[in-house]
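Structure first, then comments.
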Amino acid sequence: MAEGCMMALRYGMVFFNLLFWLGGCGILGVGIWLSVTQGNFATLSSSLPSLSAANLLIAVGTIIMVIGCLGCVGAVKESRPLLLAFFILLLLIFFLEILSIMLFFIYQDEIDRYAQRDLKKGLQLFGTEGNVGLTNAWMIVQTDFRCCGVTNHTDWFEVYNATRVPDSCCLEYSDNCGLDNPGTWWTAPCYERVKDWLNDNLVALWIFALCTALTQILGLVFSMTMFCQAVKVETFYA
């Protein structure tokens, strides 16, 4: 009976980690695809130039693949060190996620102020040599969200030292339309537009977060149960 339960647990653990590993492969693949095809699309942040969507996906995908591989091999071989390593890594990530969410809600106002300052600082790099990624990112954000600047379209006046905005701020795009009358520009702040979009999709974000947490908890339960069973079997035959 105990052996049957252990076998079922092993298959469940292998299946779980196989899905986990395949998910990591998928995320890594998307990250590599973005890096190759959209290499010029980088971060809007001037202080974190490497924090692009592609780099984030590659890092997350790699971590998930490594953890999934540890759990899968540990389950197949019933290796206590691998199962314990899988459990510790997954638990550490789980706690870091909870800590990040708590800190975000506690310091939300400070984060907002810092983010706006950093984004405004990044505007100064728009259109400059070696910052094609940041330039393209701002053009995409302003076009897709129909906004202009971080907190106001006048943010661009300090960048150009003139009453003008990038062409991506125009209601109807055309070359040098950013030099036309302000009545032809988007005036909504991009920072608020993006926040509103996130709030509109808050339910989907929470569902994703809960599914992720549930998956991690199941992984923790499976791995620790298998680890304890492996210890009992080794003690019994010792």
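Note: Cβ is positioned from N, Cα and C throughout, glycine not excepted.
TrEMBL does not curate its annotations; it predicts them automatically.
Model, not experiment: these values are computed from the prediction.
The transmembrane segment annotation in TrEMBL covers 12-36, 56-76, 83-107, 203-222. Annotation source TrEMBL lists disulfide bond at C148-C169.
Stretch with the most C-beta contacts under 8 angstroms to the transmembrane segment (203-222), considering only 12-36, 56-76, 83-107: 83-107.
Within 10 Å of the C-beta of C169 (disulfide bond) there are 26 other C-beta atoms, taking all protein chains into account.
Within its own chain, the transmembrane segment (56-76) has Cβ neighbours under 8 Å at 10, 13-14, 16-18, 20-32, 34-35, 82-83, 85-86, 89-90, 93, 219, 222-223, 226, counting only residues six or more beyond its boundaries. Other C-beta atoms found within 10 angstroms of the C-beta of C148 (disulfide bond) number 27, with every protein chain shown included.
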